Amino acid sequence: MHEMSITQSVVEICEVHAAGRKVTEVVLLIGELSGVVPESVEFCFEACSKGTLLEGARLQLELVLGVGSCPACHGEFPISTLFEPCPGCGAFGLSVVAGEELRVKELELE
């Protein structure tokens, strides 16, 4: 489960930005195409934050839906995998416009 190491990194990043202040809430963006399972991050958060400035903090996850762009017809549309054909023209080789995110959006501090 790579979500454990990802969650540990999120906690470390938050501690750096908290600059010694207690964190009460973390808002994390997770893209649908990022390969990260949101439920696993939620499960790992309590264990990873124990004994840190984030202990007891609320974790709010915001899912970013996948959006692709077609190189042939330049259309943009929702995607749920990286290997879908364009629904407009059937071309492959889509570029991801959104959905690969994994980042801390907000920290609430005491």
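Note that Cβ sites are derived from N, Cα and C of the backbone, with glycine treated the same way.
The annotation Ni(2+) binding site is assigned in Swiss-Prot to His2 on the grounds of sequence analysis. Long-range Cβ proximity for His2 (Ni(2+) binding site), meaning a same-chain Cβ under 8 A and a gap of 6 or more residues, is found for Val36.
Among the features that Swiss-Prot reports, Zn(2+) binding site is placed at Cys70, Cys73, Cys86, Cys89. Note: Cys70 (Zn(2+) binding site) has non-local neighbours Glu76, Phe77, Cys86, Gly88, Cys89, Ala91, Leu94, i.e. same-chain residues 6+ apart with C-beta under 8 A of its own C-beta.
Cβ atoms within 8 Å of the centroid of the Cβ atoms of Cys70, Cys73, Cys86, Cys89 (the Zn(2+) site) belong to the same-chain residues Pro71, Ala72, His74, Gly75, Pro87, Gly88, Gly90, Ala91, site residues excluded. It is Cys86 that, of the binding-site residues Cys73, Cys86, Cys89, has its Cβ surrounded by the most other Cβ atoms within 10 Å.
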